[in-house]
Amino acid sequence: MPSNKSVSDAPIVQFTNCRILRSHQLQREDLWVREGKILNPEKLFFDEKGSADIQLDCKDSIITPGFIDVQINGGFGVDFSLATDDFKSGIDLVSQKILSHGVTSFCPTLVTSPPSVYHQVLPQISIRNGGAHGAGILGAHLEGPFISKEKKGAHPEHCLRTFEAGAFQDLLATYGSLDCVRIVTLAPEMKRSSEVIQELTKRGICVSLGHSVANLSQAEEAVQHGATFITHLFNAMLPFHHRDPGIVGLLTSDKIPAGRRVFYGMISDGIHTNPAALRIAHRAHPKGLVLVTDAIAGMGLAPGRHTLGQQVVEIDGLNTYIAGTKTLSGSVATMDTCVRHFQEATGCSVETALEAASLHPAQLLGIEHKKGTLNYDCDADFLMLNDGLYVQATYIAGEEVWRQDALGM
């Protein structure tokens, strides 16, 4: 009779006494993990005649896929839009610290910057798996500089750019390389943006619409050319108008190509978006909602002055402003805080809140066969949460990488 060792010598860990988020529902069953992947227990029992080498009692925790943050500008004093000699140690620090927020993968985000910054920083960002060293890096999110002057938000106006005759070449010259780039945010009303969207999409890069004064037909055209995401819905775009709802109208547009879904990011920190606006968006298009932190260097630090790329920002409680103004500039909210606020503000189910930070960002990036779910053969990146949705432990590839010791588990 073959045993479980005939397939692999690696130990099999069985997580018991838990509720697992699978198929959009919390299900009371065990989670089986081997070699960093989630196992199908039926195959293990019947094909391999195997059993668990280690059993872990989860004490009735919720087990959910790890959170994926596709828009995070930095944190803990580190600003991804600053070209520094120790940039790598900065990104390592952030990836390590966000494990306690339940983030197991992320897209380091650069705000509008001079070309010299992209040329220095992007070669230092490498796509990598997560582990005890920190959350995995899925690739960079470049937010700007091809955005609208009118809706620049906290982006420095002197660094904004437009597409000239060789549109895609302009973009390449600005960024220097697209090797590690996963998402580009641009304003679709800019001339020649359609060809840029098509070229980026062809290369497997997700195009997001944001910092824009686009009307609905310009936004729909961008989606027809391949754009799939909206950067922080409601923020830095024209407000909803009933005769031309602008980019917001994509949530209920009937011009989206068949078989395609438009996703939209929301900063659910209680500051950037009124709870009523969160509810409107969620009820209009629940399957497209992606929670993002849009966190800046000041996340995890005391109130005061910090940086966001080329600008100085002031933190006052959960508010972050460009110094001397009332212009909001990113957030200092953590991903687990955003999940809890979203659930409370919308009254949605726990499952829905958790999927907005895990399944939906994975679907946006086309990696849902590996991350964002607890399906068999997926990466064993998951969290243990209590009923209040506070993170108790974070696992990457089946290994515990962070634990809330104070809970005495």
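From the backbone N, Cα and C atoms, a Cβ is placed for every residue, glycine too.
Under the heading active site, proton donor/acceptor, TrEMBL lists D294. Of all Cβ atoms in the protein chains displayed, 29 besides its own lie within 10 Å of the Cβ of D294 (active site, proton donor/acceptor).
Under 8 Å, Cβ to Cβ, and six or more positions away along its own chain, E143 (Zn(2+) binding site) finds Q71, T109, L110, V111, T112, H155, T185, G210, H211, T231. What TrEMBL records for E143, H211, H232 is Zn(2+) binding site.
TrEMBL lists A154, N235, A236, R243, H272, L328, S329, G330 with the feature substrate binding site. With a cut-off of 8 Å between CB atoms and residues at least 6 apart in sequence, the same chain places G153, I267, H272, T273, L328 near N235 (substrate binding site), listed in sequence order.
Feature annotation from TrEMBL assigns domain 'Amidohydrolase-related' to 62-401.
Here the Cα atom of A154 (substrate binding site) is found 13 Å from that of H232 (Zn(2+) binding site).
What surrounds the Zn(2+) site, by Cβ distance within 8 Å of the Cβ centroid and not counting E143, H211, H232, is the set Q71, G144, I147, G153, H155, T185, S208, G210, T231, N235, A236, D294 from the same chain. The Cα atom of D294 (active site, proton donor/acceptor) lies nearest to that of G330, taking the binding-site residues H232, A236, R243, S329, G330 as the candidates. With A154, N235, A236, R243, H272, L328, S329, G330 listed as the residues that bind substrate, the site has a largest C-alpha separation of 30 Å.
Cα spacing between S329 (substrate binding site) and H232 (Zn(2+) binding site): 12 Å, rounded to the nearest whole number.
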